[in-house]
Amino acid sequence: MHVEVRGLTKKFGEFPAVNDVHFSIAKGQLIGLLGPSGGGKTSILRMLAGLETPDSGDIVFHGTRVNDLPPQEREIGFVFQNYALFKHMTVQGNIAFGLEVKKWPKNRIKERVAELIELTGLSGFEKRYPHQLSGGQRQRVAFARALAPEPQLLLLDEPFAAIDAKIRQELRAWLREMIDRLGITSIFVTHDQDEAIEVADEIMIINKGNLEQKGSPWDIYKNPETPFVAGFIGESTIVEDVSTLRGFEQAADWPGTKALIRPEYVEIGQANEFRLLSATETGRVRHLHFRGSEWLVEVDVGASRLVTYRSLEKEVLHPGEEIQVLVHRAYLFNDNDSWIMENRLKEDPMPVHI
Amino acid sequence: MRRLWIGLTCVVFALLLGAPVVRIAIGAWSEGWEGFRHGLTRPEALHALGMTALIVVVVTVVNTAFGVLFSLYLVRAAWLRERMKRLLNSIVDLPFAVSPVIGGLMIVLLLGPETALGAMLERGGIQIAYALPGMILATLFVTFPLVIREVMPVLQEIGSQQEEAASTLGAYGWTTFWRVTWPSIRWSVVYGVVLTVARALGEFGAVLVVSGNIMFKTQTATTLVYQDVENFNLASANAVALVLAAGSVGLLLLMEWAKSRREG
């Protein structure tokens with residue numbers, strides 16, 4: 001189902017939960033609503049479902065405005081954060097509920113339930129009650145129950161939040177595959193960027209009720225449009241005065257501009273490890289943290305402290321050691337603007353500065 | 001030392017709870033089976049027990065239905081403001097805080113024959129105070145919080161998500177209530193109903209004030225016991241009291257069972 005949202009606004013008392021949000025979603029896409037807790041993601045989802053009434057704005061499904069339709073008539077499936085399974089009904093009963101309510105004939109209900117139990121790998125658990133299932137199984141029952149009445153749009157509120165890390169990985173992959181196979185338009189809410197990046201076709205970053213950016217995970221990582229997005233996606237350190245870093249002297253032309261530098265923008269090593277030595281400058285190793293598969297290195301460069309990763313295969317560094325630092329790029333922002341600046345010396349084939 | 005405390009507890013328990021029941025039982029049989037039978041089958045006793053039964057049935061039905069509805073609104077209704085809900089929630093407890101006698105008095109003061117409203121109703125042929133409607137109202141007032149206080153916490157605990165899930169699956173209010181909400185609250189409702197029945201059976205103060213205790217007209221089992229005692233008709237008083245006590249013990253057993261089902 002094609003979903004379009006225009007000027008969606010919702011206040012809880014004086015608190016603006018959702019603030020003039022616009023977006024549209026093509027049929028069959030899997031969208032992740034990503035942002036910090038309390039940022040309005042769940043409110044958007046609940047308004048799409050009809051569980052919450054917007055103060056203003058339009059919600060359009062398939063070209064029809066559905067603001068005035070109750071949840072019962074929006075042809076949606078909703079998976080709740082804590083699943084909200086009917087605890088006095090068996091797995092079968094839960095999945096059949098929506099079909100019984102819609103007065104499907106008995107034999108078709110039976111077929112459909114069997115089909116979904118097969119699809120979600122719950123065979124053998126049909127007669128169990130929710131409290132007899134594991135977290136992952138409950139999640140799949142919630143998913144099967146939401147899908148049973150053949151909804152046009154699937155909404156998932158923090159679908160993996162209550163599941164332990166290992167099973168979460170499996171379920172993510174499973175959900176992605178399932179949604180691909182069914183081709184149903186889906187929107188899920190999460191505060192976990194790894195989850196959004198891994199599962200979603202497109203991510204919408206929501207912060208303080210505003211839609212900060214919408215795009216593919218790669219796009220958002222590469223071209224963050226706002227400082228919030230730049231800081232939220234990936235890891236980063238803020239450098240107050242970037243013009244002191246070699247290759248970024250130009251930044252002094254924009255007073256009051258700060259820089260955000262990701263670990264992967266920074267390369268460190270001994271002088272012999274660099275091809276373009278002129279673009280590097282000297283720094284001092286401050287701390288080393290072992291991160292299981294690599295070193296996290298904190299380096300002091302002038303007054304700034306940068307963070308980067310270093311392969312375990314390379315020569316081991318020691319705190320206090322002098323090393324060369326190459327900053328490939330920085331994300332610059334001030335109150336009105338933000339842009340990406342590449343290290344100028346790196347691009348210049350005949351550097352004048354020595 | 002420990003033995004002393006255990007012994008003391010047993011003595012207090014026996015004196016406060018055991019002795020009266022035994023005394024009532026002995027008293028009821030003081031004139032033998034005939035005395036007991038007579039105490040219960042007197043026309044005034046039959047009428048009083050009938051009145052009590054009628055009041056219990058009406059009050060239980062009304063308070064169960066409205067208690068559940070009131071709880072649903074207080075917990076779920078989005079159209080009620082939070083502050084309003086808190087206010088209503090504390091008003092629910094009013095009958096607990098106010099003496100039942102005062103509850104009965106309020107009804108007489110509001111709807112008695114001397115009041116404007118009462119006089120108007122009486123001209124229309126409806127008598128409230130000193131008649132059955134007033135007694136039912138008084139008992140309703142006294143038992144009003146019982147179902148609500150049992151159901152509300154459970155509704156709060158189960159939350160609204162299951163109901164929301166039902167609505168996204170296409171179920172409207174009535175279906176959602178019977179298929180999703182009711183199975184979760186039914187044992188609490190049963191528990192509340194048992195409490196209501198027990199309270200309505202034993203209510204004395206409020207009913208006494210409202211009814212005027214007119215024999216063959218507005219006399220209930222408890223007010224009959226009161227009158228029998230006043231008239232030194234102890235065997236009969238004990239017979240009726242024993243029936244009431246037996247009813248209460250039966251209800252207590254039922255209550256324990258309902259409680260175990262609710263927790264199970």
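The backbone N, Cα and C atoms fix where each Cβ goes, and this holds for glycine too.
According to TrEMBL, the domain 'ABC transmembrane type-1' annotation covers B:49-255.
Here TrEMBL flags B:48-75 (among others) as transmembrane segment. Beyond its flanks by at least six residues, the transmembrane segment (B:48-75) meets 40, 85, 88-89, 92, 132, 135-136, 139-140, 143-144, 146-148, 151-152, 155-156, 177, 181, 185, 189, 192-193, 196-197, 200-201, 207, 218-224, 240, 243 of its own chain at Cβ-Cβ distances under 8 Å.
The annotation transmembrane segment is assigned in TrEMBL to B:87-112 (among others). Within the chain, the transmembrane segment (B:87-112) has long-range Cβ neighbours (under 8 A, six or more residues past its boundaries) at 70, 74, 80, 118, 121, 128-130, 134, 137-138, 141-145, 148-149, 152, 203-210.
Residues annotated as transmembrane segment in TrEMBL: B:124-148 (among others).
Per TrEMBL, the feature transmembrane segment maps to B:189-214 (among others).
Annotation source TrEMBL lists transmembrane segment at B:234-254 (among others).
Residues 51, 54-55, 58-59, 62-64, 67-68, 70-71, 74, 92-96, 100, 103-104, 106-108, 111-113, 118, 189, 192-193, 195-196, 199-200, 203, 206-207, 209-212, 214, 217-218, 220 of the same chain sit 6 or more residues outside the transmembrane segment (B:124-148) yet have a Cβ under 8 Å from a Cβ within it.
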